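J.: Got a structure for you, questions after.
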Amino acid sequence: MRPLQIVPSRLISQLYCGLKPPASTRNQICLKMARPSSSMADFRKLFAKAKHIVIMSGAGVSAESGVPTFRGAGGYWRKWQAQDLATPLAFAHNPSRVWEFYHYRREVMGSKEPNAGHRAIAECETRLGKQGRRVVVITQNIDELHRKAGTKNLLEIHGSLFKTRCTSCGVVAENYKSPICPALSGKGAPEPGTQDASIPIEKLPRCEEAGCGGLLRPHVVWFGENLDPAILEEVDRELAHCDLCLVVGTSSVVYPAAMFAPQVAARGVPVAEFNTETTPATNRFRFHFQGPCGTTLPEALARHENETVS
């Protein structure tokens, strides 16, 4: 991967539209800045005045709700990590296995609820909206927990577990069926010794559009695929107009999303990172608050005594 470059917002969708897996640390080149502040009081002063807040969220937010991340040493489904299965090639080679993986993830979400971090974001959006201020969430997560918490201004740049896309006619549809098809009932167990179900392709989820019946796939962005240009245009607009940015629970290593916050910081907008650890981008930002997002976000986004009302 080439060195990180700062580009005008209008060029992001042209240069960094393909989802790429994490690069090695030595290939992540970040400009060094002063150590970020951890002063909540200073952050809160900026928060009280901000008119247009962008919150970018990643897997770390949902991990606190018990959602598997499929990353790191223990992040396996059977013997595979997400980047082994979340590819067009994997689906073409073994659609049954890929559907088992996503069926498991869909079923797991039935028992998961938004945590304090999700709720703090949703409450902040509602409260500030009544003051004529804008809060928008740009999330890499596909679990819909932000939506479940009540977030309205939401850009799900990597898609959703609960949407499907037909590989024949291209129709995208919401799908909350459990199981998504009879053949997947009871399938998808994550334990390493579990054998593939090897479901015949004709019994996998099929399109219900009249006269189609094509094979459905999860409506998520897989590694090697481009993000939706229309969504990227919306992202560009939000990044160009925001006056405060929060980066919440994201590792800042999956592109193109890893590019967004550094680009905002490069034009002088305060960026605050909320994470359980530092990331390759930490020193690009004004603030860094270390700890669980469910602990740090409620304090950061609570009503401020000096909140400006339009």
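Cβ atoms are placed via backbone N, Cα and C, with glycine included.
OK, Swiss-Prot features for this one:
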- 1-36: transit peptide (TRANSIT)
- 37-307: domain 'Deacetylase sirtuin-type' (DOMAIN)
- 58-77, 140-143, 249-251, 275-277, C293: NAD(+) binding site (BINDING)
- Y102, R105: substrate binding site (BINDING)
- H158: active site, proton acceptor (ACT_SITE)
- C166, C169, C207, C212: Zn(2+) binding site (BINDING)
J.: Sequence gap of 6 or more, C-beta under 8 Å: which same-chain residues meet both conditions with respect to Q140 (NAD(+) binding site)?
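T.: Q140 (NAD(+) binding site) has long-range Cβ partners M56, S57, G58, A59, I157, H158, T250, V254, A257.
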J.: Of Y102, R105, C166, C169, C207, which is closest to G66 (NAD(+) binding site) if I measure between C-alpha atoms? They're all binding-site residues.
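T.: Result for G66 (NAD(+) binding site): the nearest of the binding-site residues is R105.
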J.: Taking just the CA atoms, what is the gap between T276 (NAD(+) binding site) and C207 (Zn(2+) binding site) in Å?
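T.: T276 (NAD(+) binding site) to C207 (Zn(2+) binding site), Cα-Cα distance: 41 Å.
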J.: Measuring Cα to Cα, how many Å separate C212 (Zn(2+) binding site) from R105 (substrate binding site)?
T.: 26
J.: Have a look at the binding-site residues S62, F70, C166, C207, G249 and say which one has the shortest Cα distance to R105 (substrate binding site).
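T.: Answer for the nearest of the binding-site residues: F70.
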J.: Through the lens of DSSP with three states only, how would you label the residue listed as 'active site, proton acceptor'?
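T.: In the DSSP reduction, the residue listed as 'active site, proton acceptor' maps to coil.
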J.: In whole Å, how far does the CA atom of C169 (Zn(2+) binding site) lie from that of Y102 (substrate binding site)?
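T.: Checking the Cα atoms of C169 (Zn(2+) binding site) and Y102 (substrate binding site) gives a distance of 21 Å.
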J.: If you skip the near sequence neighbours and keep only those at least six away, which residues in the chain come within under 8 angstroms of Y102 (substrate binding site), Cβ to Cβ?
T.: L161, P218, V220
